[in-house]
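Student: Quick one: structure below, then a few questions.
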């Protein structure tokens, strides 16, 4: 009436495998994962009988092991590719799906055919951008007759709908300038995870995020939209109606559905490019966000 576990010892061949009672094991995390998998196995929760585990449970455990190896490989690839401070984790404790096949991770916009990004021609000469950011001039926001967007802690302090003008590569200020927030990239550790309600893959934060803090950018391919029908097709998740699209309008193609209770807000940000049709789309926290909470924003935001 005692359970034994077949143990593969790290660094030893399979011929050295042994059957061990639970009291001999010091791998609490692996045991928890094993029993969690057995609870979710087909026909589960599965309990071992006198002859061990049912064949279907053994098959499921093998598939889960291969899935986790594939997800770890993808996770390592994402972290080798990233250009930001925050790390990326990957998790699927819902089903047997591995990494999405049609997913390509990008850190910045990909420029599509027919789109030209015109770089800025000048930058500020400020010694202290926060102190010199007046509406009439001084730092980049003032020179463009806009308000300085951030406080000393890098939190956005202007209302949604107003543009953010950050310092650029032609400015004299350094990388720690308080007017360089979005361009520093993701600062929080995030997790790409499989949702349990059929929505596919989502993102949640692994760290607490303060209200009004920059979280991430919404990036993809910047496409030239040639007509109203094309705009409607490429940006079907947008709230705009086809009649409100003008010829030559540009968009970043979204994928997925809007969220009902978003904790992120969209802001248009201009750094190296001042074309008002081609902002960088930054997402800021609308409230304090707990560690482990899913990150959501509303595609219908204006």
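Glycine too: its Cβ is placed from the backbone N, Cα and C atoms.
Copied straight from TrEMBL:
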type	residues	note
DOMAIN	1-35	domain 'Chromo'
DOMAIN	122-185	domain 'Pre-SET'
BINDING	124, 140, 167, 171	Zn(2+) 2 binding site
BINDING	124, 126, 129, 139	Zn(2+) 1 binding site
BINDING	129, 167, 173, 177	Zn(2+) 3 binding site
DOMAIN	188-300	domain 'SET'
BINDING	260	Zn(2+) 4 binding site
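Let's see these features in context: how buried, what's close, how far.
Tutor: Long-range contacts of the domain 'Chromo' (1-35) within its own chain (CB-CB distance under 8 A, at least 6 residues past either end) are made by residues 48, 61.
Taking Cβ-Cβ distances under 8 Å and a sequence gap of 6 or more within the same chain, the neighbours of residue 171 (Zn(2+) 2 binding site) are 123, 124, 125, 126, 129, 140, 177.
For residue 126 (Zn(2+) 1 binding site), the number of other Cβ atoms no farther than 10 Å from its own Cβ, over all displayed protein chains, is 20.
The Cβ neighbour count for residue 173 (Zn(2+) 3 binding site), using a 10 Å radius and every protein chain shown, is 22.
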Student: Whose Cβ lies within 8 Å of the mean position of the Cβ atoms of 124, 140, 167, 171, the Zn(2+) 2 site, other than those residues?
Tutor: 123, 126, 129, 139, 143, 166, 168, 170, 172, 173, 177, 179
Student: For residue 167 (Zn(2+) 2 binding site), write down the residues of its own chain that are at least 6 apart in sequence and whose Cβ falls under 8 Å from its Cβ; none is a fine answer.
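Tutor: Those within reach of residue 167 (Zn(2+) 2 binding site), by Cβ under 8 Å and sequence separation of 6 or more, are 123, 124, 129, 139, 140, 173, 177, 179, 180, 271.
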Student: Average pLDDT across the domain 'Pre-SET' (122-185)?
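Tutor: Value for the domain 'Pre-SET' (122-185), mean pLDDT as a whole number: 90.
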